[in-house]
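Visitor: Have a look at this one before I ask anything.
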Amino acid sequence: MSHQPLSCLTEKGDSSCETPGNGPSNMVHPNLDTFTPEELLQQMKELLVENHQLKEAMKLNNQAMKGRFEELSAWTEKQKEERQLFEIQSKEAKERLKALSHENERLKEELGKLKEKSERPFEDITGRCGFPRTDLEQEVEQLKRQVEQEVEHLKIQVRRLQAEKADLLGIVSELQLKLNSGGSSEDSFVEIRMTEGEAEGAMKEMRNSAGPTRTDSISMGKCTEDARTCVEFEELTVSQLLLCLREGNQKVERLEIALREAKERISDFEKKANGHSAIETQTEGSTQKEEEDKDPESVGIEVETLNVQVASLFKELQEAHTKLSEAELMKKRLQEKCQALERKNSATPSELNEKQELVYSNRKLELQVESMRSEIKMEQAKTEEEKSRLATLQATHDKLLQEHNKALRTIEELTKQQAEKVDKVQLQELSEKLELAEQALASKQLQMDEMKQTIAKQEEDLETMAVLRAQMEVYCSDFHAERAAREKIHEEKEQLALQLAILLKENNDFEDGGSRQSLMEMQCRHGARTSDSDQQAYLFQRGAEDMSWQHGQQPRSIPIHSCPKCGEVLPDIDTLQIHVMDCII
């Protein structure tokens with residue numbers, strides 16, 4: 001904030017403009033002769049302290065305005081979220097309508113098939129009749145869940161309204177405290193104005209030592225403007241509170257409408273549940289009827305609790321309206337006080353510029369608030385459109401449910417008529433199946449007896465096999481021992497045979513050498529020589545006789561490979577092993 005200087009000093013020390021920079025010219029100033037310089041300094045210090053306090057109050061008001069703006073932005077975000085929830089609910093309702101339409105078409109197709117096949121015997125009617133009943137039960141459960149979800153949603157909205165109401169009541173109480181302290185602030189403003197006049201008179205007398213005091217007088221002028229801005233901010237806060245309370249009233253009205261719609265839906269669902277319970281008592285019995293009667297009772301209790309909450313909300317809203325009227329009265333009083341202050345204080349050009357800036361900023365804020373309101377209205381219109389769509393979807397849903405119920409009734413009637421015809425055929429078929437089952441059981445019992453006998457025989461065979469295996473192990477061990485002993489004997493016999501063969505060869509060689517020497521000696525003695533042919537024949541015959549004699553003198557070979565059990569002689573050890581295994585077994 002800028003102010004005109006209180007005194008324009010010349011080179012000689014005189015003032016070129018004697019008019020003060022703030023305050024009217026016709027205002028009577030007190031005589032400064034009665035005040036001492038110390039008292040003037042004390043008053044200046046007090047004014048500085050008050051100026052500092054006013055600045056802090058302005059900062060707090062600015063922070064409060066920022067908080068209000070943030071709350072408004074958060075509220076708009078909540079509205080957007082609610083709108084998204086409504087859109088999701090509308091989509092779900094559309095999907096349910098599609099599913100119901102598909103089910104209705106399927107039931108119509110089944111009706112057509114039943115009408116076409118009414119002349120023929122049916123075997124699987126009971127299996128088909130179970131599906132629509134289960135579908136009906138599922139739909140009833142889904143509708144009950146929807147009602148419970150809507151009731152919970154309404155409860156959440158009521159809690160939100162209660163919290164908002166508590167916040168608004170706290171804000172109103174704070175404003176009342178500020179307004180109660182407003183009277184003392186006005187008195188302080190008047191005192192500030194009086195001290196400003198006194199300070200200006202003192203400054204005219206003390207021009208040479210007026211360096212630091214000029215800044216103090218300028219700050220005094222700023223205090224009045226700070227007070228005006230404080231009042232304007234308080235007016236803005238009051239107006240914003242009024243808007244918030246009006247919006248709260250609108251929310252309560254919407255909730256009342258939603259509660260009425262929920263009550264209507266609950267009544268419709270109760271009627272439908274009663275209808276379904278009447279149908280199910282004819283088919284299933286009294287147990288399910290008691291379970292279905294409990295659900296509407298619980299829904300009715302929840303509706304009564306909601307009605308009580310709505311009544312309490314109405315009472316709280318009436319109290320809020322009374323507090324709003326009190327706040328409006330306080331606003332009028334503040335406006336009157338502001339007008340009185342404006343009349344007292346004459347505006348300078350610099351103050352006018354500052355006021356214009358403040359007005360411009362206030363208009364900007366108002367435009368922002370209006371834009372927010374327009375957005376909120378648009379969102380409210382969209383939500384209302386979505387509600388209307390939901391209402392139309394619910395109407396179509398009710399129609400489809402009625403058609404579904406009619407189709408189910410016709411199906412049940414047809415199934416009852418055809419069940420009476422099919423009972424006799426089913427009894428005959430069941431009797432035949434029983435006979436076949438008894439025959440199959442008898443044959444299976446015979447097979448079981450035969451299997452038991454075979455199992456007993458196999459167990460006996462297994463026992464004998466175990467004994468035989470033990471005997472085989474004993475025989476095998478004995479056979480391996482005998483085989484090892486025989487192999488040793490055979491090796492010894494082979495060694496002896498080799499030694500005999502060597503000795504026989506040596507003996508033959510020795511005998512041949514001796515016979516030749518004797519022949520040579522005989523030839524030399526006798527000197528008679530026969531012809532070569534006769535001599536050769538004689539020698540040949542004698543050699544043959546010697547060979548036969550040698551063969552006659554050789555020992556006969558004893559049979560080695562013979563069976564120990566039966567005594568049969570075999571040529572090889574392998575054949576002997578095979579024979580022994582067969583002979584023992």
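Along the chain as shown, the residues are counted starting at 1.
Including glycine, each Cβ sits where the backbone N, Cα and C put it.
A quick note: this is a predicted structure, and the numbers were derived from the prediction, not measured.
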Visitor: Pick from Ser188, Ser277, Ser533: which one does Swiss-Prot list as phosphoserine?
Guide: Ser188
Visitor: Scan Ser25, Ser346, Ser557 for the residue that Swiss-Prot records as phosphoserine.
Guide: Ser346
Visitor: Among 152-182, 555-585, find the range that Swiss-Prot records as zinc finger.
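Guide: My reading of Swiss-Prot: the zinc finger range is 555-585.
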Visitor: Checking feature assignment: region 'Disordered' per Swiss-Prot, candidates 200-220, 347-367. Which range matches?
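Guide: Comparing 200-220, 347-367 with Swiss-Prot, region 'Disordered' matches 200-220.
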Visitor: Out of 28-33, 124-129, 142-147, 478-483, let me know the one Swiss-Prot marks motif 'UBAN'.
Guide: 478-483
Visitor: With every protein chain in view, what's the tally of Cβ atoms within 10 Å of the Cβ of Cys566 (Zn(2+) binding site), excluding that atom itself?
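Guide: Total other Cβ atoms inside 10 Å, all chains included: 9.
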Visitor: Given a 10 Å Cβ-Cβ cut-off, pick out the one of the binding-site residues Cys563, Cys583 that has the most other Cβ atoms nearby.
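Guide: Of the binding-site residues Cys563, Cys583, the highest Cβ count within 10 Å belongs to Cys563.
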Visitor: Given the Zn(2+) site residues Cys563, Cys566, His579, Cys583, which other residues of that chain have a Cβ within 8 Å of the mean position of their Cβ atoms, reported in sequence order?
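Guide: Going along the sequence, the neighbours come out as Pro564, Lys565, Gly567, Glu568, Leu576, Val580, Asp582.
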Visitor: Restricting to the same chain and to sequence separations of six or more, state which residues have a Cβ under 8 Å from that of His579 (Zn(2+) binding site).
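Guide: Same-chain residues close to His579 (Zn(2+) binding site) (Cβ under 8 Å, separated by 6 or more) are Cys563, Glu568, Leu570.
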